[in-house]
Amino acid sequence: MDEGGGAGAAAAAAGNAAGAAVHHNARSAEDVFRDFRARRAGIVKALTTDVEKFYRQCDPEKENLCLYGLPNETWDVTLPAEEVPPELPEPALGINFARDGMIEKDWLSLVAVHSDAWLLSVAFYFGARFGFDKEARRRLFTMINGLPTVYEVVTGIAKKQTKVSNGSSKSNKSNPKPSKQSNSNSKPAKPPQPKDEEDSGPEGAEDEDQAYMCGACGETYANGEFWICCDVCEKWFHGKCVRITPAKAEHIKQYKCPGCSSKRSRE
């Protein structure tokens, strides 16, 4: 349900009906975290890989619009729910009004911050609704805190936490990481290469837990996955998140992620 617009009924589907599935089926911190992670993935997608579509849908001429992350990892830009009080906490109203009055990256960062607050409010709403005790709330928060925030993904802070070294060749199979090809054309990366032995000490191991986060979904690198690096912003992406296969990457001389491509088209 990536297409925006619609009326209050669409908002109900985005927020209330979507939350009903969690309400009836989930009773554990792990279930609520799965819902949080899916909604977060949808919002990250709206603000990164689908940013051009998201930008168009946030027309300042329309009424107060909200960005919803849905439990199926998609997103929706629509009006808030009509019922008062709403079944679920509502996201920030009127995100579209500030679109043309701000630098685009600042506007996206603002939406990201409000989205982080909304995601937390929905997760802990479910926690209260299901009667989570102190330990369940702590477990839920710990799992949530293990992911970078939407703001960190959108602004690139998550990526900057650890510098990516180019062209590594020595192997340490226990600490794999993506490796960008070091040729002059900066072609997209092949499946990630392992980590240098010299970086495998305690400090390197600590950084490894936070490094190599996908610029689209925010998830960390897992051994054997195909990743690709944008030659403009130098963010890494799962091939599946940006619809690039290893075969397709072979024929790309300079790869631009969806965010950089759409930004240049609007300049």
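Every residue, even glycine, has its Cβ placed from backbone N, Cα and C.
Per Swiss-Prot, these features apply:
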{"type": "COMPBIAS", "residues": "165-188", "note": "compositional bias 'Low complexity'"}
{"type": "COMPBIAS", "residues": "196-207", "note": "compositional bias 'Acidic residues'"}
{"type": "ZN_FING", "residues": "211-263", "note": "zinc finger"}
{"type": "SITE", "residues": "TYR221", "note": "site 'Histone H3K4me3 binding'"}
{"type": "SITE", "residues": "TRP227", "note": "site 'Histone H3K4me3 binding'"}
{"type": "SITE", "residues": "ASP231", "note": "site 'Histone H3K4me3 binding'"}
{"type": "SITE", "residues": "TRP236", "note": "site 'Histone H3K4me3 binding'"}
Determine the mean pLDDT over the zinc finger (211-263), rounding to the nearest whole number.
82
Pick the one among the recorded sites TYR221, TRP227, TRP236 whose Cβ has the fewest other Cβ atoms within 10 Å in this structure.
TYR221
Please list the DSSP helix, strand and coil residue counts for the zinc finger (211-263).
10 helix, 8 strand, 35 coil
Cα-Cα, whole number of Å: TRP227 (site 'Histone H3K4me3 binding') versus TYR221 (site 'Histone H3K4me3 binding')?
8
Neighbour count (Cβ, 10 Å) for ASP231 (site 'Histone H3K4me3 binding'):
18
